[in-house]
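Undergrad: Straight out of TrEMBL:
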- B:512-618: domain 'TMC' (DOMAIN)
- B:195-215: transmembrane segment (TRANSMEM)
- B:236-260: transmembrane segment (TRANSMEM)
- B:334-353: transmembrane segment (TRANSMEM)
- B:385-408: transmembrane segment (TRANSMEM)
- B:428-452: transmembrane segment (TRANSMEM)
- B:464-487: transmembrane segment (TRANSMEM)
- B:524-546: transmembrane segment (TRANSMEM)
- B:620-645: transmembrane segment (TRANSMEM)
- B:695-712: transmembrane segment (TRANSMEM)
Amino acid sequence: MFLLIFCRLHTRYHELAPNLVPMDYTNDPDCKVPIQLIINMPELMENPFKERIVESFSEAGDGNLSFNDFVDMFSVLSEMAPRELKAIYAFKIYDFNTDNFICKSDLEQTLNKLTREELTPEEVNLVCEKVIEEADLDGDGKLAFADFENMISRAPDFLR
Amino acid sequence: MSDHFPFRALDFSPHDENIVHDSFNELIEEQSNNQDGSEVFEMEDMAGRGRENPAFLASPQHSRSNREYFSPITLRVLSAMPSRTIGRNRGAIISQYYNRTMKLRHQRSRPSIWALSRSAPPSISGYRVETDVEAAREEENLFHNLQNLSVSDRGRMLKTMPLSLQEKKNLRHARNSKGFPHSRNQIPCCSQLKYYLIIGFRHSWYSLLSFLYSLQLWHVAMKKVSGRFGTGVLSYFVFLKTLLLFNVFLLLVNVFFLAVPQAAHPPSNQTHRASFKGLELLTGAGYFTDTVMYYGYYTNSTVNGCGPALNGSGCAMGQNSLDTNPRMPYNIPLAYFFTIGVSFFITCIILVYRKEDPFELLSELARASRQQTLLQRLAKMTVHLLAWVMSLGSTVGCAMGVYLFSTYMHKDLTMRVSHNESLIHMEASLLALPVVVSTVNLLMSGLFNAVAWMEQYDAPSTQAYVAICRNLLLKISVLGVLCYHWLGTTIIGHVTLSKQVRQNGSTGGLECWETFVGQELYRFLLMDFIFTVLDTILGEFVWRLFSQKVLKRKRKPVFDIARNVLELIYGQTLAWLGVLFSPLLPAVQIIKLVILFYIKRTSLMMNCQAPSKPWRASQMTTIFITLLCFPSFLGVAVAVTYTIWTIKPSEGCGPFRTLNTMFESGKIWVRQLEEMNSNFSWFTWIHKYLVENPFFLFAAAGVLLILIYFHTQVVGGQRKIISLLQEQIDNEGEDKKFLITRLQDIYEKERPVSVRFKQRERRDDSRKVDGLIGIKI
């Protein structure tokens with residue numbers, strides 16, 4: 001059954017770039033599908049965070065995924081992945097400047113992506129301040145992973 | 001350089017987050033100001049339950065309290081603090097060691113999730129030499145830690161580790177090779193077989209689990225919808241599935257306890273049943289009238305008992321001894337009463353159980369309004385007032401219109417019966433009222449949309465709530481008027497109607513007002529379905545074509561979640577109203593919901609796009625379930641209770657035909673129990689003094705209210721406690737900061753001065769190196 005899923009995943013991966021992706025992995029080829037092709041997959045296309053998701057799973061952080069990274073991404077996104085793992089990766093995705101904190105600018109970018117830039121800057125500012133006020137437990141003005149995890153464990157919308 | 005590398009494998013300690021955060025902030029400022037690199041050591045995160053954070057051991061001269069640097073002793077003390085050693089997530093520790101090991105040793109480009117490869121080693125070559133030795137030791141520690149755990153713990157921990165699948169596989173293989181003897185041949189054959197069995201069993205167990213996952217109804221379809229359109233649109237489909245399950249439950253209960261016993265023993269005096277023509281599917285009358293589908297078919301006696309008498313004690317003496325059929329008397333009226341009652345009760349409990357606290361929602365509605373001039377605010381208020389007046393006025397007008405039309409239709413029916421028209425014409429004319437009501441619903445929701453378009457709202461969610469409110473008021477008033485018509489006018493008028501029908505000799509269920517009401521509700525349900533489908537096709541498909549081809553808009557229309565959910569609630573209210581009069585009506589609702597699911601999903605995929613405004617899915621789901629519970633189910637419960645308690649059942653048909661009210665059947669049963677067995681007298685005593693006594697009901701209602709009050713107080717108290725604890729956590733953080741700085745100050749004072757000076761020199765050198773390399777943060 002796992003083999004079946006694995007083969008199906010590879011078929012999808014191959015479909016993204018048939019000229020690039022080999023069918024034969026005995027020589028352990030090092031091929032990566034560029035980010036532009038991956039974010040156009042129908043599963044990811046409507047997601048406002050598609051670039052961040054793909055970047056988080058790529059080795060170099062540039063969004064080009066090898067097949068292993070591709071499998072990693074879908075294994076974490078699947079519903080059988082444990083919630084803690086999803087929380088770790090969610091934190092990484094929302095951390096736009098990859099400094100291991102979700103600071104106010106990260107939150108602003110997240111909000112703009114979610115609302116497709118339909119809020120005014122004052123509203124965005126207000127929301128980000130409120131979020132940090134509520135979730136920041138140690139008072140440094142940023143969300144660390146523990147703050148983030150504490151906040152999302154209280155939100156039933158998340159991690160479904 | 002070893003003192004700049006203060007962390008050993010297990011002595012590793014993250015720096016205190018408060019201090020470091022401050023110093024890090026200043027670092028960044030400094031960095032952006034003068035492009036000067038500082039020594040920044042990476043420290044990996046403990047993605048655990050404690051309050052450890054990814055931290056940077058920063059060069060201390062930027063820290064607020066002017067410390068020079070943090071000595072190993074301080075760090076060791078910090079690492080031994082209880083909050084850092086208790087309750088750490090071991091998986092995260094191991095993951096972080098492994099990541100660092102892999103990164104240092106293999107120099108592969110995949111960085112660990114928490115590491116930032118922006119560290120500035122004081123001396124590059126020195127760093128690598130040291131860390132190779134370190135890395136090997138760390139890997140030993142990693143495997144050692146993994147081995148210490150049991151098999152299932154290991155598996156579970158590996159699952160939660162944020163490593164790539166490749167690394168997890170390597171870990172598992174390495175683990176296995178450590179755990180098992182080196183060559184396969186050395187394993188005795190029995191344990192090898194056991195090993196294979198366990199592996200095989202685990203594989204098949206996981207396969208079964210994932211198969212069961214996919215078996216959930218519409219699982220794949222809903223995943224696709226949620227992926228492309230978001231959780232808001234998904235909440236509509238989840239709500240649909242919930243309603244479907246409610247109806248399946250109702251149907252199963254009714255089928256097993258009512259329809260099957262009655263169908264197995266058809267009434268002896270069965271009148272000639274009309275032949276099946278196609279119109280039955282629309283009107284619910286004709287062929288369907290004299291079937292288990294409607295109230296009128298059910299007998300008022302005990303079937304499969306000894307005789308037709310109500311008390312079942314009419315067994316003739318000298319029964320045929322060859323009769324081997326075991327007699328299981330089944331009291332149909334009682335079964336009818338209790339089945340409907342109990343299924344409503346269980347539905348109520350499930351609804352209340354699924355409902356969450358609605359009080360939180362009210363706090364969301366308060367919002368800071370923007371500053372506006374008095375004139376602007378006045379203008380907005382007048383516009384709002386005008387819109388509300390229009391909506392309420394049109395609602396009242398529609399309700400009056402529906403009432404007048406229904407009265408007119410009833411008169412029309414009476415006239416047709418007296419003119420002895422054919423049954424088909426009569427039944428076709430009965431379709432007029434449902435069509436009119438559905439049209440009214442459709443047009444009015446369009447009107448409300450237009451009215452809302454001219455208004456301006458502070459928040460988009462307020463607009464959604466107001467739209468829901470107006471549509472809800474309309475539907476409630478229309479349904480209320482219809483209920484009054486059915487339970488009032490129709491019954492009164494039916495006495496004369498049934499006399500006329502009997503005179504003219506035609507049947508068709510018109511002598512039985514309950515069957516008539518059941519048929520009406522069937523027609524309403526069906527018309528609602530047809531109009532919803534038409535609305536989907538016209539509203540979404542044609543509108544999309546129109547807006548893309550004619551108006552040349554780029555974006556497709558958005559799926560209107562609120563309106564669709566209200567449609568579902570309206571349909572479900574009709575179905576619940578009809579259960580008393582037509583026990584198999586949930587079957588119609590089930591078919592309708594299933595078809596609606598596929599139609600809506602297809603229309604969604606073809607015609608709509610993801611909503612641009614983010615939708616609070618869980619909040620909206622709560623609102624929908626609350627709406628389902630309160631106006632919808634409560635209204636139905638009130639109507640049904642009123643029917644059972646006060647209305648006289650019709651004389652000629654149904655299981656309650658000889659009684660004054662439907663409720664009497666329960667009373668009679670209790671009396672019978674008392675007669676048969678005097679031990680049950682306490683039961684009748686309870687019934688007489690509690691259920692029928694209004695004082696007891698008032699007392700019960702009072703107790704319920706008190707319970708609700710206590711519950712709200714408890715919730716409020718818990719909220720207060722949460723804010724107090726929050727304050728405490730803040731204070732503790734401040735305390736920690738204070739203590740650590742004091743500790744560091746004490747250590748500083750005791751350090752010899754020369755060491756301090758040497759370190760400052762070394763730091764200046766290394767900073768020059770860093771500047772050359774060009775560290776960026």
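FYI, residue positions are counted from 1 along the chain as it appears here.
Backbone N, Cα and C define each Cβ position, glycine as well.
Because TrEMBL annotations are produced automatically, they should be read as predictions rather than curated entries.
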Undergrad: Taking pairs 6 or more apart in sequence, does the count of Cβ pairs under 8 Å between the transmembrane segment (B:524-546) and the transmembrane segment (B:428-452) hit 3 or more?
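TA: In contact, yes.
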Undergrad: When you look at the transmembrane segment (B:464-487) alongside the transmembrane segment (B:385-408), do they share 3+ Cβ pairs under 8 Å, ignoring any pair fewer than 6 residues apart in sequence?
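TA: In this chain the transmembrane segment (B:385-408) contacts the transmembrane segment (B:464-487) - 3 or more Cβ pairs sit under 8 Å.
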Undergrad: Give the residue counts of the domain 'TMC' (B:512-618) per reduced DSSP state, in the order helix, strand, coil.
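TA: DSSP composition of the domain 'TMC' (B:512-618): 82 helix, 2 strand, 23 coil.
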Undergrad: With pairs 6 or more apart in sequence, are the transmembrane segment (B:236-260) and the transmembrane segment (B:620-645) linked by at least 3 Cβ pairs under 8 Å?
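TA: Yes, these stretches are in contact.
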Undergrad: Return the average pLDDT for the domain 'TMC' (B:512-618) as a whole number.
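TA: Averaged over the domain 'TMC' (B:512-618), the predicted model reaches a pLDDT of 86.
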Undergrad: Where else in the chain does the transmembrane segment (B:428-452) make close Cβ contacts, counting only residues six or more beyond its ends and a cut-off under 8 Å?
TA: 279, 282-283, 285, 387, 390-391, 394-395, 398, 401-402, 405-406, 409, 412-413, 416, 463, 466-467, 470-471, 474-475, 478, 482, 519-520, 523-524, 526-528, 530-531, 535, 563, 570
